[in-house]
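Q: Below is one structure. I have some questions about it.
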Amino acid sequence: MTLLIDLIDETGQVSKEQLEEVEKLLQFAADALEVKDQAEVSVTIVSNEEIHQINKEYRGKDAPTDVISFALEEEGEGEIEIIGADDIPPVLGDIIISVDRTKEQAEEYGHSFMRELGFLTIHGFLHLLGFDHMTEEDEKEMFAKQTKILDDYGLSRSS
């Protein structure tokens, strides 16, 4: 199973090795979650200022956040199903991560920058796959999946 990943660090603050680790983690998660072969995802690393603007424009929240996901394959209510779409690899969507919040939260939670970057990446990826945390039950399921993927990959909270 190959996930096609477009990974961009607009800040220049994430090392080549860390970006490669994000790619490996996403491939690992895609395999674990049985994502369709050749599915596409983009991950963009931005500043607090940039994610603040995106959060304000698209979510109506006038503050920076850690991660935002824009799913492209969600079927909305009343949308017509496209015949043959199951044969085409899906474009899952975009994950946007604040490098500043990643650093802050890693320090706050007492683990590595890479563990926090991995957590935010998987959190955003699960949103692209339709998981959310709007109800307590959904939150438990989503967070259990996140933890399992990160632990199985080797990025546990102690990392």
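Just so you know, glycine gets a Cβ as well, placed from its N, Cα and C.
Okay, so Swiss-Prot annotates it like this:
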- H123, H127, H133: Zn(2+) binding site (BINDING)
Q: Write out, in the order they occur in the sequence, the residues of the chain not among H123, H127, H133 that have a C-beta within 8 Å of the mean position of the C-beta atoms of the recorded Zn(2+) site.
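A: Filtered neighbour residues, in order: V67, S69, G124, L126, F131, D132, M142, Q146.
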Q: Given the binding-site residues H123, H127, H133, which one's Cβ is surrounded by the fewest other Cβ atoms within 10 Å?
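A: Per-residue Cβ counts within 10 Å for the binding-site residues H123, H127, H133 bottom out at H133.
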Q: Please report the DSSP secondary structure of H133 (Zn(2+) binding site), reduced to three states.
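A: Where H133 (Zn(2+) binding site) sits, the three-state DSSP reduction gives coil.
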